[in-house]
């Protein structure tokens, strides 16, 4: 029974990630006035499965001078973390209803840095190492902003539990009163998942492919799946925190459908941004965080602390 539960949890995520790759290629294709994949299956719908089959039947090569254990562990760790981070999300019921769901998500997103660092270091390649160091610096930097925004949300919510976020937003979405935080959160999630215009780790003109340049076949596919699973989970968290489904409906399917629609719209916006914006320069990326986002988020965090106290009101759970 445990194995069936695990499969019922993992397989939908894998299918969602597979079709996200197809949606991305279709969106980019139509934005560039072409069709995208349209040969394999009707309208190219079987393209992700053909790609997966091709990748997993190829021989996984590795450099002679690489560290075997770390080189193998890094993609496995990346995919495991990408799947585990889904567990506390209320859709509308969570697989694990944790009391400290927000902290759990923050901790796991921080751990993903290790898989990137290990893959870059174990490859024993200059390009891979530079890409990994860039990714680590970028991810750790933007996690500071994400943590402060989560702290502000927690102060409004009065709890670390994600289920309470939906209760807090029964009457009004949190985006209405915290729209500056929402904008900064969304841009920070772009940087956190290494997506355009912040994909400095995969700068093809500079670093060939970044930290995963030496990976091929199955391990490369695992990194690819982890990246897209992280994109989806970040948008799921955004939908929960700022666009929480109201619990007015007693039918769980309706809540799940509205949640998935919000997540799909946010994910499509990720793809739209990729098609529209050029890549940032690395110093501009860091300047945006440390000189712009950090002071504003700190000021807003103090604002959200002081307002309830000054108005003599406390969060609903206290």
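Cβ from N, Cα, C; glycine included.
Annotated transmembrane segment per Swiss-Prot: 2-22 (among others), in sequence order, evidence recorded as sequence analysis.
Here the transmembrane segment (68-88) has Cβ contacts under 8 Å with residues 9-10, 13, 62, 94-98, 101, 104-105, 108-109, 111-112, 114-116, 118-119, 121-123, 162, 214-215, 219-220, 222-223, 225-227, 229-230, 233, 236 of the same chain, all six or more residues outside its ends. Residues or ranges marked as transmembrane segment by Swiss-Prot on the basis of sequence analysis: 68-88 (among others).
Outside the transmembrane segment (100-120) by six or more residues, the chain places 70-71, 73-75, 77-78, 81-82, 84-85, 87-88, 94, 128-133, 135-136, 139-140, 143, 146-147, 150, 153-154, 160-163, 192, 201, 211-212, 215, 223, 226, 230, 237 with a CB less than 8 A from a CB of the stretch. The transmembrane segment annotation in Swiss-Prot covers 100-120 (among others) and rests on sequence analysis.
Annotation comment: Swiss-Prot describes 136-156 (among others) as transmembrane segment, evidence class sequence analysis.
Annotation source Swiss-Prot lists transmembrane segment at 172-192 (among others). Here the transmembrane segment (172-192) has Cβ contacts under 8 Å with residues 109, 138-139, 141-143, 145-146, 149, 152-153, 156, 165, 198, 230, 234-235, 237-238, 241-244, 266, 270, 273, 285, 288-289, 293, 296-297, 300, 304 of the same chain, all six or more residues outside its ends.
What Swiss-Prot records for 223-243 (among others) is transmembrane segment.
Using a Cβ-Cβ cut-off under 8 Å and counting only residues 6 or more beyond its ends in the same chain, the transmembrane segment (253-273) has close neighbours at 20, 23-24, 27-28, 31, 91-92, 186, 190, 195-197, 231-232, 235-236, 238-240, 243, 245, 247. As annotated by Swiss-Prot, transmembrane segment applies to 253-273 (among others).
Here Swiss-Prot flags 293-313 (among others) as transmembrane segment.
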Cβ contacts under 8 Å made by the transmembrane segment (223-243) with residues that lie 6+ beyond its boundaries = 13-14, 16-17, 20-21, 75, 78-79, 81-83, 85-86, 89-91, 105, 109, 112, 115, 119, 153, 162, 165-166, 169, 173-175, 178, 182, 185-186, 189, 192-195, 212, 215, 259, 262-263, 266-267, 270
